[in-house]
Amino acid sequence: MPHALPAEAPDGPDARSLEVTGAVVFGLYVLAQLAQDVILAHAPLESDTASTFAFSLSAWDRFRAASLLACFIFLPAGYAAVHQRLGRQGGWGLAGLMWILVFLAAEMAIRAWEFSVVASWQRDWLAATDTLERTRLAGLVNGFSQGVVALYLPLLAVHALASGAFALALRGRDRWSRWARAGFALNAFRALLRLGAMHLGLDGLTPVADALYLPLTVLHGLAVALWLGVPARPARSGP
């Protein structure tokens with residue numbers, strides 16, 4: 001059994017329930033990322049438009065998309081638990097919360113649009129027989145994809161800043177706090193790798209970013225989930 005952690009936030013049933021909820025959300029996010037890796041391993045080549053659209057509309061890929069959308073809807077509760085566990089102080093903890101909420105709001109909007117509107121364009125493309133109509137619909141899908149790539153320039157930046165801020169704010173010396181601090185630091189590193197590969201012309205980082213994406217995502221999610229899941233030890237009063 002792990003030892004309880006020193007208290008960094010006000011105690012109470014509401015505080016503890018939020019931390020447990022946050023731990024569950026981060027754990028489910030890890031599972032969703034693992035499921036995504038398995039499902040996307042079976043995706044066809046992007047050059048085959050018909051197969052790509054059919055795969056995106058398949059039950060497995062819809063499950064993947066819905067699972068991640070649900071995770072991003074609930075992750076604000078997870079990060080609220082992180083901020084609470086840090087003591088609800090200002091400084092880097094508050095900055096991290098602000099940055100990560102910007103990232104999560106954008107992710108929710110992007111993934112909801114992709115799940116509903118983009119899927120309808122793909123469905124219409126598969127049903128269409130007119131070449132011009134197919135060209136128009138494919139252009140809409142490609143335009144959305146290019147817009148998402150552009151949006152990820154600021155989004156990856158704020159994601160890296162948020163994770164770095166949480167790592168700076170987390171000052172506990174117990175092993176669970178150290179793991180969580182390392183998880184946030186590695187998550188910031190992962191975001192910076194993707195930023196460099198996608199937007200800064202550092203093409204040599206692309207295979208590194210691709211190879212490290214899942215391991216670092218899992219390490220971050222599990223480290224934070226364990227940190228939130230272990231109850232804080234009540235602060236001692238008196239001499």
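We number each residue from 1, going along the chain as drawn.
Backbone N, Cα and C atoms are what each Cβ position is placed from, and that goes for glycine too.
Segment annotation: TrEMBL labels transmembrane segment over residues 212-230 (candidates 22-40, 212-230).
Taking every recorded stretch in 63-82, 94-113, 149-170, 212-230 and counting its Cβ pairs under 8 Å to the transmembrane segment (182-200), the highest total belongs to 149-170.
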